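Enquirer: Okay, so Swiss-Prot annotates it like this:
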type: SIGNAL; residues: 1-19; note: signal peptide
type: DOMAIN; residues: 78-396; note: domain 'Peptidase A1'
type: CARBOHYD; residues: ASN90; note: N-linked glycosylation site
type: ACT_SITE; residues: ASP96; note: active site
type: DISULFID; residues: CYS109-CYS114; note: disulfide bond
type: DISULFID; residues: CYS272-CYS276; note: disulfide bond
type: ACT_SITE; residues: ASP281; note: active site
type: DISULFID; residues: CYS314-CYS351; note: disulfide bond
Amino acid sequence: MKTLLLLLLVLLELGEAQGSLHRVPLRRHPSLKKKLRARSQLSEFWKSHNLDMIQFTESCSMDQSAKEPLINYLDMEYFGTISIGSPPQNFTVIFDTGSSNLWVPSVYCTSPACKTHSRFQPSQSSTYSQPGQSFSIQYGTGSLSGIIGADQVSVEGLTVVGQQFGESVTEPGQTFVDAEFDGILGLGYPSLAVGGVTPVFDNMMAQNLVDLPMFSVYMSSNPEGGAGSELIFGGYDHSHFSGSLNWVPVTKQAYWQIALDNIQVGGTVMFCSEGCQAIVDTGTSLITGPSDKIKQLQNAIGAAPVDGEYAVECANLNVMPDVTFTINGVPYTLSPTAYTLLDFVDGMQFCSSGFQGLDIHPPAGPLWILGDVFIRQFYSVFDRGNNRVGLAPAVP
């Protein structure tokens, strides 16, 4: 009888997970930082943006100006494709759980970054309309601004009608010029959306395009294009993780924010001994935390400043400590190979730390951000129906 009951529970969970799954392939490209480093331009980039990544801090606030740390996108490697309009115009985007707006470059944008990317042409779409509202997103090096348009947005067979989105007319700095992506599709809660725009996933749910009010993310560790990486709308795929999902309640419905019990380095609690807050963020490449804490963490793993960032000796990976995030009573351990980014410069190995200081001040912070370095190791499910995040060890 007990065996039958367990089987029924497993079947129920499988049914909940599957529904009708809509899979969005995520392609992995070399990050902007890797490209700049390969061209020996990384130091010049830091200087031109007045950035010292060793001391980097940035004040973030959750007001209508929606401050975003631009530096988060430097290491982004996973991108997908969407289309806007009739007939469809294709764009490469970051699917970002740390923001809630969709924006792409406008054909009317004259910033250098727009000239190197796909631009939306409203006059070419028969389903386009313009509400007439402006928008602005503040980044560390300036503001991205433009107008809000409305059109149908398609993502791998899911077509949202009447989706409002930003058409950028100005884009800040040099960062977006060399970026692999055209725009960003935010998957955060509506409270984060600039201009009161309804996010894409909320419209998917409202228009009954997904069977289940959840989506999931698998980021392959395969450096050759990240084969198999995908975003799933409407459920999750058991083949992408081992064991069972551990569900963690969302503590604040803006980012996908959860509570951390503690953070251990080498088996010893070093941070958050009385708990702290974190967000699971597909739009941040590294793991970030308060700058003073991250400095201690870099010292603990043996990372040292090199050319404006923290690096470790590649030969020391086998003796460096594990870093463990305890969440809802469950330990999530990152080995040194998991939290270290490997690159090649002039044929030589270069290993940089996957941790970055970022100060997010009240009322939004302080926050730790569990970005792609974490998500590559732990399959992540974002459940809007129950306001929770599911985590389990990812299958390589």
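Placed from the backbone N, Cα and C atoms, the Cβ positions cover glycine too.
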Enquirer: Hey, what's the Cβ neighbour count for ASP281 (active site) at 10 Å?
Expert: 28
Enquirer: Among the disulfide-bonded residues CYS109, CYS276, which residue has its Cβ surrounded by the fewest other Cβ atoms within 10 Å?
Expert: CYS276
Enquirer: What is the number of other Cβ atoms found within 10 Å of the Cβ of ASP96 (active site)?
Expert: 24
Enquirer: Want to know which recorded positions, from ASN90, CYS109, CYS276, ASP281, CYS314, CYS351, are within 10 Å of ASP96 (active site) at Cα; which are they?
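Expert: So the list is ASP281.
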Enquirer: Suppose we draw a 10 Å sphere around the Cβ of CYS351 (disulfide bond). How many other Cβ atoms does it contain, all chains included?
Expert: 21
Enquirer: Looking at the recorded positions ASN90, CYS114, CYS272, CYS314, CYS351, whose Cα is closest in space to that of ASP281 (active site)?
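Expert: Nearest in space to ASP281 (active site), counting only the recorded positions, is CYS272.
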Enquirer: Nearest to CYS351 (disulfide bond) in three-dimensional space, by Cα, is which of the recorded positions ASN90, CYS109, CYS114, CYS276?
Expert: CYS276
Enquirer: CYS114, CYS272, CYS314: which of these disulfide-bonded residues has the sparsest Cβ neighbourhood within 10 Å?
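Expert: With the disulfide-bonded residues CYS114, CYS272, CYS314, fewest surrounding Cβ atoms within 10 Å: CYS314.
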Enquirer: For the residue listed as 'N-linked glycosylation site', write down the residues of its own chain that are at least 6 apart in sequence and whose Cβ falls under 8 Å from its Cβ; none is a fine answer.
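Expert: Those within reach of the residue listed as 'N-linked glycosylation site', by Cβ under 8 Å and sequence separation of 6 or more, are THR81, ILE82, SER83, SER118.
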Enquirer: Could you tell me the C-alpha distance between CYS314 (disulfide bond) and CYS272 (disulfide bond) in angstrom, no decimals?
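Expert: Roughly 28 Å, rounded to the nearest whole number.
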Enquirer: Provide the three-state secondary structure of CYS109 (disulfide bond) computed with DSSP.
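Expert: CYS109 (disulfide bond) sits in coil per DSSP, no helix or strand.
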Enquirer: Could you state the CA-to-CA distance between CYS276 (disulfide bond) and CYS109 (disulfide bond) to the nearest Å?
Expert: 41
Enquirer: Hey, how far is CYS109 (disulfide bond) from CYS272 (disulfide bond), Cα to Cα, in Å?
Expert: 44
Enquirer: Roughly where does the domain 'Peptidase A1' (78-396) sit in mean pLDDT, to the nearest integer?
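Expert: Summarising the domain 'Peptidase A1' (78-396) by its mean pLDDT gives 93.
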